[in-house]
Amino acid sequence: MNIVILAAGTGKRMRSALPKVLHPLAGRPLLSHVIDTARTLQPSRLVVVVGHGAEQVQAAVAAPDVQFAVQAEQLGTGHAVRQALPLLDPAQPTLVLYGDVPLTRASTLQRLVDAAREGRYGILTVTLDDPTGYGRIVRDASGFVTRIVEQKDASPEELKIAEINTGIIVTPTAQLSMWLGALKNENAQGEYYLTDVVELAIEAGFEVVTSQPDEEWETLGVNSKAQLAELERIHQRNVADALLVDGVTLADPARIDVRGTLRCGRDVSIDVNCVFEGNVTLADNVTIGANCVIRNASVGAGTRIDAFTHIDGAALGANTVIGPYARLRPGAQLADEAHVGNFVEVKNAVIGHGSKANHLTYIGDADIGARVNIGAGTITCNYDGANKFRTVIEDDVFVGSDTQLVAPVRVGRGVTIAAGTTIWKDVAEGVLALNEKTQTAKSGYVRPVKKKS
């Protein structure tokens, strides 16, 4: 089977410099969703017709199995499909999809393809409570499709028809070339419409069959930011419903965004307004607090992530406790039972089993052993303005509050670092490290006061 995806439109109503089909839905271009669905049908040829912003669109979705045809002038859907003809296998049927209709299920398309076997012409239709603005499917007394009539050309009786054309079709490819060549542009837009092909197919004696989707929203397209937002919420609710079926507890299924792949174990609980991006895995008994953003991360069993935590490119072991207001950046690796608390940032660092950094700390480019306590206000000074250096803290170290560790530096096992200490040399095992200071108390001191006006 050939699949052609039309993606050449300008998208004027989007009011954006970005080509319409590249606007994101769930964090990925609209067109990428359509291509992924098309791939599940295992086409022999997959052709995307580009036009407006052609180079940008091609760069965004380029892949070995995707070919591109260019529609230099936007002269209608029929003209667009015609540009793809040289890339198609004439012995195979062709399914035509749209790059701005991202939610059509593969099962819906497969039913249409099955209905159109043996050289039939297939149309995906949908029945609407309010079909205003759409082309109507006109049938004869026996129920056979005779034509598609546009709203402006429909008679009062035809306007009562609730079954409408979605534009998605399956057609014999060998005949399609002839039918497209016979199209006329005698309409208000001066364009060649793919919908006109159905009458040519009927005149040529081809049986026209129809199929319908399970859900009306499968055929909704995007022509404005409002429609894009509507489809985003539909998609996210579908994702949420699937998570609920899998046993995930969602505090509010309407307030979760998954912009990638989210895999959850048993008894996972997710509070409101959480965003998951890229590939995220949550193991059994993970609890996510409200307003968290988690991207490309794995979270071990029994972990608790408190509210307003941001995690990006991190790996968390089992029974860790994170947040609230923590930030784990790429390369952060936490062993089992590690704690990273409020206003702590971890970047490209390993935190060992049972170690804790509970308050107001920056840990960057560091290797921290097991059972280490990092006091509030501790900073690993990892950057000299040009180069990054690592800090190594071995097992069972106690780091007092307001400590600076100037990398590269190693702190040996069992060391105690007093509060307010700056470490710039390696520290041997088991010692107390401190910067000796003198505390002075001056009697008779009078604090300055503001003069009253």
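Just so it is clear, glycine is given a Cβ too, placed from its N, Cα and C backbone atoms.
The candidate list Ser355, Ser401 contains one residue that Swiss-Prot assigns to the acetyl-CoA site with Ala376, Asn382, Tyr383, Ala419, namely Ser401. Helix, strand and coil counts from DSSP across the region 'Linker' (226-246) read 20 helix, 0 strand, 1 coil.
Every protein chain considered, the tally of other Cβ atoms within 10 Å of the Cβ of Ala376 (acetyl-CoA binding site) stands at 19. Taking a C-beta cut-off of under 8 Å and a sequence gap of six or more, Gly76 (UDP-N-acetyl-alpha-D-glucosamine binding site) has these contacts in its own chain: Asn185, Gln189, Glu191, Tyr192, Tyr193, Leu194. Among the binding-site residues Asp100, Ala376, Tyr383, the ones whose Cα sits within 10 Å of the Cα of Gly9 (UDP-N-acetyl-alpha-D-glucosamine binding site) are Asp100. Comparing the Cα of Leu6 (UDP-N-acetyl-alpha-D-glucosamine binding site) with the Cα of every entry in Asp100, Asn223, His359, Ala376, these being the recorded positions, the smallest distance points to Asp100.
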